[in-house]
Amino acid sequence: MLKQLFPVKHVVGYVASLVLTLIALVVLMDLPAAVEIGILAVTAILQASLQLVMFMHIGESSEKKSLYINIAFAIFMALVTIFGTLFIFVWGWYA
Amino acid sequence: MKWDEFFVTGDPLIYGAMVSIVLVSLAILVGLTYFKKWGYLWREWLTTVDHKKIGVMYILAALIMLFRGGVDAVMMRAQTSMPDMKFLDGQHYNEIFTTHGVIMILFMAMPFIFGLMNVIIPLQIGARDVAFPRLNAISFWLFFAGAMLFNISFVIGGSPDAGWSAYFPLAGIEFSPHVGNNYYSLALQISGIGTLMTGLNFIVTIMKMRAPGMTLMKMPMFTWSVLITSVIIIFAFPVLTVALLLMMFDRQFGTQFFTMQNGGMDMLWANLFWVWGHPEVYIVVLPAFGIFSEIISTFAKKNLYGYKSMVISMLVISGLSFLVWAHHFYTMGQGAMVNGFFSITTMAIAVPTGVKIFNWLFTLHKGRIEFTTPMLYSLAFIPIFTIGGVTGVMLAMASADYQYHNTMFLVAHFHYVLIPGTVFAVIAGFHYWFPKVFGFRLNERRGKTAFWFIIISFNVTFFPLFFLGLQGMTRRMYTYSEETGFGPLNMLSMVGAIGLTIGFILLVYNIYWSTRYEPRDTTGDPWDGRSLEWSMPSPVPVYNFAVVPEITKRDEFWFAKQEGKSLSDKKIEKIHMPSNSGKPFILGIAFFFLGFFVVFSWWTPAIVAGIAVLLTMAAMSFDRDDGYYIPVEEVVQSEKRLRGERV
Ligand code: HEM
Ligand SMILES: [Cu+2]
């Protein structure tokens, strides 16, 4: 009964995601660029995994095959967007 | 802000529009009150979670948006029909091509497809509704809220005017200080949430709710195309959402993502826009391919040629569609290596698309072809779309594109792809599935007259634009001088646009005429169809299938008809259905006001509307409504009545 009224997992997830957001605000201080990007990257990855595990119930499905296909496609898309953009604007830029 | 800045003033066309909006709204309110239809409207439509009704509402909204986008189009054609025309000024022309583009793609083509998908997919796979019926209603109302928000921009505050692609720096606050592009970012964000949820909903529906025995490779081709489209939606739309969010931050909160100073990068907007934008064109065209496949195989009386290669080519298209986006800005400054890469991937897409064209041709080969209205649209689609495709390959060659880029040649190309590929498809699907939803066909003779008007006028409107483009007439150009020599072909194009208008009016008139005079269909299968939706009486009862059919092969219903056997020998049981809910509609209204207030940066009301959004969502999550059951006797009775037996 109490468990139903107080969904521990969700509350922990919610608080943790707020904390991660606050940590990301650290980059407002004057830090070296590499450190800033590092902080942003780490908190972003943690944040995304947190959402997937706590709220989107990843891994709770019995059908693992479609789960892996989905993750693979999502990663493919993200990498294509990032490296495609770098390819266009940095490595392949007409100078 | 003063009132004369709030309302758009000074243009007689706009005053006319304001007056007609007020009159039409009044007429609707008075009519509903006079005929005592408020309760009916609320119970049967605004709160419905029935996929068929949601589909009908999508299609109705799309038809209205087709009208709005069409009026924009004819106004543009009128303005450019002669040299030095004074019908619209430059600013008004800019606003109109922007709203035309956005409305046609996001508020006409997509909703029309979503409408057909909503009506048909559960019926084709033997399901009683989509996986998440209430979420489906939310999707619809968010789309509708976004569409309405976008549409009021031309009388309140002013429309966006930086093109449907809203390139920075032009769309930034520095060069477009008025609220127009705020409307763009907010309306698209709101309707985008709806789109994303539709994608999710249909993936789950198709993966989880197929009738027993229907494996993936036994699904009808339209279902396949919608599955693949939904996957593209899921992966493409987040990019747009993020880009629009950054746009909003840049315009309203002083960030510098796409500006030209302080480390911002204007070209990153174009980049992100097209990372979404190219998959988007496949989102509107793949379901169209599915619709044509259904229609062609039905009216050629043959099973679809090369089913497997159809599926594979769609999968290949969906993968490649994410690898081509830079072909929209070959001229932006990247080197030959980059352009070469994107050139090749772009041309590669022509291969699977060509496979599909040949599959349709082989399906037709030696078929007993019936020239019905939907079939005529499908047949016309093949050669016209091929012209669009071939000019697409011309544009794909980066070096040649330096000539074609941003000319009327491009405008002609994408209309040659979008109109046969999407508009013909949805019109064909509309004629084809109309009897399923309403229980009677659209009149064939009148439908064919409209068809010939549309097909001929389409070519008269857009073929001249290829030549205008090659002569150097640029896109988005609101006027030109006599010496350019662009006059005659533009006039010809105007004539075509008038023909297209007549064609669409005939089409709408046919709906009215058929509602009154066309004989009712009692069979449920007026076209001698192949897939499961035709196995039910039309109009389809709320619960769709009295007993869920059992599937052993593709086109099961067709073979069952041949062998005279029924699709299931199970007995009728009580049926579990989702109950209606008013919350999705309320959520839509709350989102509309949230969007509206944010457009004008009125923060206090915006926060209030935002709280309303959150409260509605919270209320939804505490809802413990498990739906209701339709008892056996009621199903038996209604089946008898619908199949024309005496009760
Ligand atoms: C019904 C007949 C139609 C006519 C007569 C028409 C005409 C036009 C014209 C004149 C332009 C602007 C050309 C320029 O000055 O740059 C245009 C742009 C455009 N049209 Fe259409 N159009 C029609 C239907 C459609 C449909 C059905 C779609 C999409 C499904 C569509 C999508 C677009 C887009 C995306 C643009 C570009 C807007 C921009 O430049 O930002 N059009 N159309
Ligand atoms: Cu493209």
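Cβ atoms here come from the backbone N, Cα and C positions, even for glycine.
Check TrEMBL against the ranges B:183-204, B:579-600 and you find transmembrane segment recorded for B:183-204.
Taking Cβ pairs closer than 8 Å, the transmembrane segment (B:183-204) reaches residues 98, 102, 106-107, 110, 114, 117, 121, 130-132, 135-136, 138-143, 145-147, 149-150, 153, 157, 159-160, 162, 166, 171, 226-227, 229-231, 233-234, 237-238, 240-241, 244-245, 247-248, 251, 591-592, 595, 598-599 in its own chain, all 6 or more past its ends. Counting Cβ pairs under 8 Å that are 6 or more residues apart, the transmembrane segment (B:269-292) and the transmembrane segment (B:450-471) reach fewer than 3 and are not in contact. Proximity of distant same-chain residues to the transmembrane segment (B:374-398), defined by a Cβ-Cβ separation under 8 Å and at least 6 residues beyond the stretch ends, is recorded for 292, 295-296, 299, 327, 330, 336, 339-340, 342-343, 346-347, 350, 353-354, 357, 360-361, 364, 404, 409-410, 412-421, 424-425, 427-429, 431-432, 448, 451, 455, 458-459, 466.
Listed by sequence, the residues of this chain that lie at least six past the ends of the transmembrane segment (B:491-512) yet keep a Cβ under 8 A from its Cβ atoms are 63, 66-67, 70, 73-74, 77-78, 80-82, 427, 442-443, 446-447, 449-451, 453-454, 456-462, 464-465, 468.
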